[in-house]
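What Swiss-Prot records for VAL23, GLY65, VAL66, GLY67, LYS68, THR69, GLU70, ASP266, GLU333, ARG405 is ATP binding site, and it gives sequence analysis as the kind of evidence.
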Amino acid sequence: MPNIDTATMTPREIVQELDRHIVGQHDAKRAVAIALRNRWRRMQLPEELRNEVMPKNILMIGPTGVGKTEIARRLATLANAPFVKVEATRFTEVGYVGKDVEQIIRDLADTAVKLYREQAKVRVRNQAEERAEDRILDALLPRRATGIGFDPEAARNEPSSQDNDTRIKFRRMLRNGELDEREIELEVAVNASMDIMTPPGMEEMGQQLRQMFSNLGSGKSQKRKLTIKAARPLLIEEEAGKLVNEDDVRTAAIEACEQHGIVFIDEIDKVAKRGEAGSSGGDVSREGVQRDLLPLVEGSNVSTKYGTVKTDHILFIASGAFHLAKPSDLIPELQGRFPIRVELTALTKADFVRILTEPKAALIKQYEALLQTEGVALTFASDAVDRLAEIAAQVNERQENIGARRLHTVLERLLDVLSYEAPDRDGQSVTVDAAYVDAQLGELVQDPDLSRYIL
């Protein structure tokens, strides 16, 4: 696919990009593509109208392993937007033991800050590399101190001609890797992070304590002896951190959260009330989680350590299998906040064939590449692919339907012997055909008891 500015991709281009990684589920791809394009459209509106246009949240309905999570994850990567995936079952009603739903937005803010900090470091990379080189050269060629009140920074800017010639020579050797094994002594910043365990529901307090201890130790450094090869990445990272303006990063990250953030809530069906015949304690608790989620989806202000995040324009994508519950079992207020409903279909044998061969990082390509590292040339005949897809479909039909994840189990079992013996088979070529598949898996597929526990 040609290079396209992802911010201005059309829905058709977004679907084509998703097709490179995910097989089928065209309706779901269309829905998320339109939602992403609507974000761009909204940003073109006058500010007064822009603030009135709310995102159309999406509810994905379909069995496990059909691509719900992968579609949302690929969409976030494509949009280069802050993205967080959570399970609805991890959260509890306020006042009970468990995670507070506002932690979702705090996690989103953490993701955004990390994303924008890395982008800022990429922008200053060249400058950071030059500074790191200067520090290495200073360690190799200490500058001559002259006079009272000698300023090494000023000396760095105005070196003598002899020093300059020597530094140019050493800089060239440094860039060519000729000095990589030389040991130097450097002042390196100390990482003051501390791991603090907190009880469930008190993660925010743990974060604040970690931040406090980190601030207490900031600015400290220690002398370390390192090879130039090991010191260089450390110094580049340290210098890039100095060049990045943290206030600008936080401001940009908060804005990105509010305008482009994507929250994927999995297993939303597990917090739906099941049936109409009376309410158990579990139903009451599940309804409480829904009511706590409601303000986030409707739009509210959430305090994070980087500032306040408004959730009005964050895109929420919820998903669930809805085997025991129906979308209508969600509380009406929450149903209304997910106006776009998309049903994902169960995968067939034909889908499994495509999953094994078509995506950019198809499973078969992954296993071929893994064994190639051992010098084993692995290839799959077309009849083997067909037989693998048939076996996966059969086992899914007879046992629990876990969708495409069944292919991982089947392939691991199929290649178990070959993976074990690969180091001893360097230089060999192995072709997997239908006969090989039947020899390795035939007995397991025919015996329902064995396939239940092994496949």
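Each Cβ is built from the backbone N, Cα and C atoms, and glycine gets one as well.
Quantities reported herein were computed from a predicted structural model and do not represent experimental measurements.
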Ask   = For LYS68 (ATP binding site), what is the secondary structure by DSSP, using just helix, strand and coil?
value = helix
Ask   = Of these binding-site residues, GLU70, GLU333, which scores lowest on Cβ atoms within 10 Å?
value = GLU333
Note = Candidates VAL23, VAL66 (binding-site residues); min other-Cβ count within 10 Å returns VAL23
Remark   = Among VAL23, GLY65, VAL66, GLY67, LYS68, THR69, GLU70, ASP266, GLU333, ARG405, the record's ATP-binding residues, the widest C-alpha separation in angstrom comes to 34
Task = Check GLU333 (ATP binding site) against DSSP and tell me helix, strand or coil, would you?
result = helix
Note = Here the 10 Å Cβ neighbour count for LYS68 (ATP binding site) comes out at 25
Request  = With H, G and I counted as helix, E and B as strand and the rest as coil, say where DSSP puts VAL23 (ATP binding site).
outcome  = coil
